[in-house]
Amino acid sequence: MRGNRLVEFPDDFWIPIPLDTNNVTALSPFLVPQDHLGSPTIFYSMSALMFVLFVAGTAINLLTIACTLQYKKLRSHLNYILVNMAVANLIVASTGSSTCFVCFAFKYMVLGPLGCKIEGFTAALGGMVSLWSLAVIAFERWLVICKPLGNFVFKSEHALLCCALTWVCGLCASVPPLVGWSRYIPEGMQCSCGPDWYTTGNKFNNESFVMFLFCFCFAVPFSIIVFCYSQLLFTLKMAAKAQADSASTQKAEKEVTRMVVVMVVAFLVCYVPYASFALWVINNRGQTFDLRLATIPSCVSKASTVYNPVIYVLLNKQFRLCMKKMLGMSADEDEESSTSQSTTEVSKVGPS
């Protein structure tokens, strides 16, 4: 077997396993099925998974956007960021998951080098915007409930500014590989594209880009989420102590605590695989690894287009009620009254 150190690869792909040929073009992920990387069962199973994520992710995020447009009461400035996240998720589902479904079915990157860059960029942009939207959601809730700025009123223009900020952050993280700082290449089983996590010591300066992503797109937003939600929980517990006789306040405090735990865990499930894999590659330069494992971070990230809307939208009683009406399903009167009551309770929380 010949190691990759002895094989010179083109700039548009790299295969991080030993190869038994000098003619790497014959194994190009843009030209031939990658049967040497895994059995057909693995490729077809991944194709089926990507199809499910494409259909479910597209449907749930389109429904979120359509529901917001139809029902005026959902067009609250505090819901702007949820719609912003739905748009970002829709980009990932419609470009990333759909193309992966096709490519895994053919067992190679049928889009070619240019299509790979486009798919990698759009999926990265949508993913980064969604990631920063989670941090903004935490920040907005901290700002509104904990009131660290006193009588500051969070208005529509502030919400729009926060949404715009997520796209600026997303572009800062997704544009560099297009202009020479890292690059977009086929990743994992070579049927999806993303930033080059694999190669080191070359003209693309991948190590510095990976560290930039780890700090700017993982450590910073995660710190924001942990800080804001910990402050929010502290405020709620203080309010619950002050209203110890109020069963509804105690119930609201428990529900919010449970939701915060779910939100933080969901963030970690989505982005820890990418972060840990990138750091492992940097600290184990030149080591080969199982490409099936390298495919996991991309799959988990694309799955977030489904489970994040479930957590942030479908578990929102107001959104859920409107979606039921939009789909012609009977709305539960108890649920509607519960929605109104929970909204009232939340509005009472926080320092006066």
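Glycine is treated like the rest: Cβ placed from N, Cα and C.
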Based on the record in Swiss-Prot, is it correct that LEU27 and ARG320 are on the same side of the membrane? no
In Swiss-Prot, CYS116 is listed as disulfide-bonded to which of the following: CYS172, CYS191, CYS193? CYS193
Expressed in Å to no decimal places, the gap between the Cα atoms of CYS193 (disulfide bond) and ASN206 (N-linked glycosylation site) is 15
Densest Cβ environment (other Cβ within 10 Å) across the disulfide-bonded residues CYS116, CYS193 belongs to CYS193
Distance, LYS302 (N6-(retinylidene)lysine) to CYS116 (disulfide bond) (CA atoms, angstrom): 16
Sequence-ordered list of residues in the chain of ASN206 (N-linked glycosylation site) that lie 6 or more positions away and have a Cβ within less than 8 Å of its Cβ, or none, is SER182, ARG183, PRO195, ASP196, TRP197, TYR198, THR199, THR200
Simplified to three states, DSSP reports CYS193 (disulfide bond) as strand
Counting only residues 6+ away from its ends, which parts of the chain sit with a Cβ under 8 Å from the transmembrane segment (259-282)? 131, 134, 138, 197-198, 200, 207, 210-211, 213-214, 217-218, 222, 225-226, 229, 232-233, 289, 294, 296-297, 300-301, 303-304, 307-308, 311-312, 315
